[in-house]
Structures are given as structure tokens and as C-alpha cells.
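Residues or ranges marked as coiled coil in TrEMBL: A:60-87. Residues or ranges marked as domain 'ABC-2 type transporter transmembrane' by TrEMBL: A:19-391. According to TrEMBL, the transmembrane segment annotation covers A:21-42, A:186-211, A:232-258, A:278-305, A:317-336, A:342-360, A:372-391.
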């Protein structure tokens, strides 16, 4: 046990003390603060570069009454667009647009049936906002004009457009309300990302570490004083603890940033990110699935890392594993919209997908307790099996040198481990 | 505490890496292990350390097999590097020392003591990758010695060192032996083995070609060189019984002979011809033996 802790401490401390680790953590924390304050930063930046200047549109009004109503309508709907009657004839305006003296003009007319005919002329259709605002405004005017034509009163028009009452009701006791579900979706999405990145980053860190020890032949000294199995698990736990420390730092930074920023105040965005309806069980599951996912993939990574003799080959070796994680993420991401899809249920019991998919389901659905428990049991069993198998491969793999880049070496490593 | 290997064989599938190897290293002696690359030296060391099992035969140290319980009493220097490139020298030594059973304080003081002795205390806080190859080798030697092992296994300890540093390291290793440690080391350098080892083995492709005490090995090689200098030509003497080859020069001749008796016959024959200025029976060098034995095997 003594040697176990020495290696555990060594793999934790040497990584934690590197500059790159420090800088990455710092950048991430800065990123979190930046993200939390993004709305106010965009707001300030917008004001600074004068983004809020008024839009202006030239109108060629054939009907003689639409221009004025358009201005009124735009004002009513809080659009900061100024309507200006054009003095020049159409040909002149066309020329000006072509020569880019003006950006655009709109031609308005009423046809025989009192329907508005509008033509928006521009040299570039990149700006989508102005034409659609104009279209909305004209649509409203059209409704008014038609209503007048049919001699409908304002109230009658209002009843025509009255929205229906549509409410979703869930009669299960523990089911999540719609608000809760939306918040759960955001939280699950964020945590899914955390699990996904943590698994990818830290397991490839382990594979690289093992390959480095092998290529520098420290491994021979290490495993002549500690059994390879102990070494492997000390490594997995050491890097794992490092990951947990890093994520806790990010979590704290996120919490502080959230409290300090405008998101802490009452507004639309804060409702979106609200933590008030956060269920404790969701967080507990997040921690459980993070740990299990990490150990599953880390054990696999250590196993794969022990097969290569040069650090350059590590990425190639762990590629299949990375693809598994990506697959798990894609499956889970497709389920965010509808977590009740049949294949999600199946995927959530496949150990390599469980951390993400089962977490998604348990976070968003009202699952019977046995489902997450069963998937956890399957994962634990898989980790134990993989640990046992990994230890076998590891014992031989760490002694194996030469060009080894494929999974075929597994057999060779197990053979050598027995020798 | 002696190290004993008896009829040790290691096969990987059809390939025999080590074949029927036997050797005995007495406590307080140094054993040289000579062989070209791929001869089976590293495989043998790994078997001694318990990293590989033997296919046949047994390995015992002090009558017992080597396991993780005995690892604090063993020092191992693997061929080339064997250090973390990114770790600082002191941290590295402390880590490896603690792995071999030292506590933190003694690991630290031993590190400083050895760095001082090898005249590299100024590298204490440098990363290993910043050091020259020779200095890395020194650090590695410290890592294998610092916990005062009873059994020391050194794979190519002097590679990459300049002559001054080789002397420094040799002295450290000799001191270790004089304090009662059992040492097994491999080398390509015949002169180091000749100088340091009481006993030796030459292995080639897993076969133990030669083994035993240095003097016995030389004697049993069966060939000695006789160098005679004289003012008269020595032609015709090569036809005497027991002379294998001869090489004549202006100053005299060198004869390779079967044994010492032939040497005496040569001397008497030469004295009959006139006064000689120089007579010497030269022992074969280990180099001669190695080349002859390994060359034979090749042919």
C-alpha cells in the first residue's frame, strides 16, 4: 500500500505542478467568467462601437397613405427604423442602389383588392433583419386595412387573433414540470459536456503518461519495485484525483461567476440557467456517472497506453476508445429533445454509453430507481472486468518494446504477462 | 547473500532467448556479464528481478526467489535512461528512493550526498531532460545505489560517460562491493569487466559460451602470446610443436602458443641462438577471448 501512495502522489503532484496544467486551469476559469458576463459585455461593446444607430429606409409610396402608417406601425412595435419618403423617381433610386449610394428602398402600393404590394430592392440580401421587420409591419397594416374594409371593430379583430390556451399537464407525482424539464435539459447538457471532456482529456493523459514511462524505461524500475497492477491503479486514481480537483475548481469558479454576474439577477437568461429547481439527485447522479465513466475509460486508456512504446503512437492507439466516447455523446445529444426514444433505453445499459446516456435519461425522465441502479451495477462489473483484464495486458505490455501500434498486440502482451 | 542461477532457460514461443544459463555470484563480489546486443542480457536481468518467469531452471538470491518484498534490497539500473525526462533531479531521486523503501528524510539526504559525491550538486533542481547524457547516467546510477541495496544489477552502467566519470563511477561501485554488496553487471567494454570482475560470463544468442573466474577463463582459453625480442632473426622457430601462429617483425616475433610449456621451449630454443633482449608471456585479453568465442559461434 505504501508504494501505491507514493506512485499516486507522484502522478498527481508532477502533473499538478506543471506550467501547462496551471495555465490551462487559469484560461478555463477566465473563460467561465467571460461566459457568465457575456450578455453585459456584448451590450457594452455594442454601445462602444455605436451599433445601436437607427436604421433608415427609403420608401417609394404609390398609394400615398402606406408610408405614414408604416412609420406608426414600426414605432408601435418598438423598431428603431425610420421611414423616409424618397424624392427621386424609381430609376434614380435603382441607380443609387446599384452604385451603393443607398443600401435599399421599398416600393409600396395597394392593388385593386386593397392588398399591399411591396418590393424591397437592395444590392445585397445579407441583412435579413430590416426586410423581415418591414414585412411584419406591413402584414399588420394589411390586417387593419382589410378589417376596415370588412367593417370589423378592433375588438372583433382581436378575437380573431386571440391565442388559444394550451397547457401541458403531467399527472405523475414525481414527473418534472415543463419548467423543470427545460432547466434539467440545460443542466444535463452542461454536465454531459463536462463528463465528455473530462473522460477524453484525462484518459488520454493516462495513456500518454504510461507510454512516457515506458519509452523512458522508468517503467522497468517502477515495476521491479511495485506490481504492475498496483502501478496501473495508482496511476488511474492519481490522474483521476487531479481531474476532480480541476473540475471542482471550475465548478467553484462557475458558481462565483454566476453569483457576481448579471445572471445572478432576475432576467430571462438567469431563469434559463436557474439553479433553484435543481434536483439534488441529478447532481448526485452526475458525480456517480462522472466517476464511473472516468474509471471505465481510464482503465481502458492505461491498458492501451501500455501497448505502445513511443508516445507518438498513443493517439493512434486510443483512437477507437475516443470514438466510443464520441458515439456516446452523439447518442446522448440526439436524445436531449426526446429522452424517451427506444434506442436511448438500450444504449443507457451499454457500459461505454451509460455515463452519458443513462445520465441524460435519469436527469430528464422519471425513471424507476432500478434502471439507474442496474446500469451502475453493469458499469461497476465492467470496470472490475476491465481492471482484471487490463492488469493482465499491462503486466506484459509494459515490458514489450518495438513497433506496436495495433490491437493485435493485446494477445502478445497477455502472453508476455504470463511468462 | 549469494545470487544463484541454475540451468535457467527462457523461451518466447519458438525463440530461445536464454539457454541453460548457470551462474553464481558470491556476496561481496562482482560478476561481469558480457554479450553483444540481443545476446539475452536484459532478459536475464528481468528474470532475476522477477519481471519475467523462467521457462526452466531456478533463480535464487540468498536461497529465496526475488519478489516485491525483497525489492528494497535490490538496485537496478536499466539500459539507457530510466528516468522521467520532465521531473526535476531531486524530486525524481526522492520518488525512486521512496519506492525502494526509504523514508522521505533519508531519501533527501542520500540524494544530496550522492549528488555531491558525483560532483553534480548544481543539477539538483534541473529537469532531467536538460542534462547531458553522461550526467543523466550519473543520476540514474544514484537512483540505483541510494537505498544501499544488497544486490545491484547494472545494465551497461558506463555507457555514455567520459573517462573521468567512468573512474568516478567505478570507484563508487567498487566501494559498494567492498561494503559487501553483490553486484552483477553487463557491458560491451571488456576492459571494465577485466578490471572489476572476479567472475564473468560471455553469452551469445542466449548461449553461455564462457563462464567462471577471470583467471580460469583466461587459462582455459588455451592460447597465450609469447613475445621475444632479439638482435637475430627468429625464423624457423614457428615449426616447433605447440606453436599455433607467429608474427615476425624487425625486432623479433610474437608466437601464439598452446600453453606455458611451449613458451619455455621457445625461450630455450631462442637462447641457444644467442642473447635475447626481451621475453614475455602475455595473457590473452578478454577482448581476444570474446572475439574468438563469439567469432567461432558466428562461423
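The chain as shown is numbered from 1 upward.
Even glycines carry a Cβ here, placed using N, Cα and C.
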The transmembrane segment (A:186-211) in contact with the transmembrane segment (A:372-391), cutoff 8 A, at least 3 CB pairs, sep 6+: no
Distal contacts, the transmembrane segment (A:317-336) - CB-CB under 8 A, six or more residues away: 185, 188-189, 192, 196, 199-200, 203-204, 207, 297, 300-301, 304-305, 307-308, 343-344, 347, 352-353, 355-357, 359-361, 364, 405, 407
The transmembrane segment (A:278-305) in contact with the transmembrane segment (A:21-42), cutoff 8 A, at least 3 CB pairs, sep 6+: no
Sequence-remote partners of the transmembrane segment (A:232-258) [C-beta within less than 8 Å, at least six residues beyond its ends]: 3-5, 7-12, 15-16, 21, 25, 28-29, 32-33, 35-37, 194, 198, 201-202, 205-206, 209-210, 226, 264, 273, 275, 290-291, 294-295, 298-299, 302, 306, 387, 390-391, 394
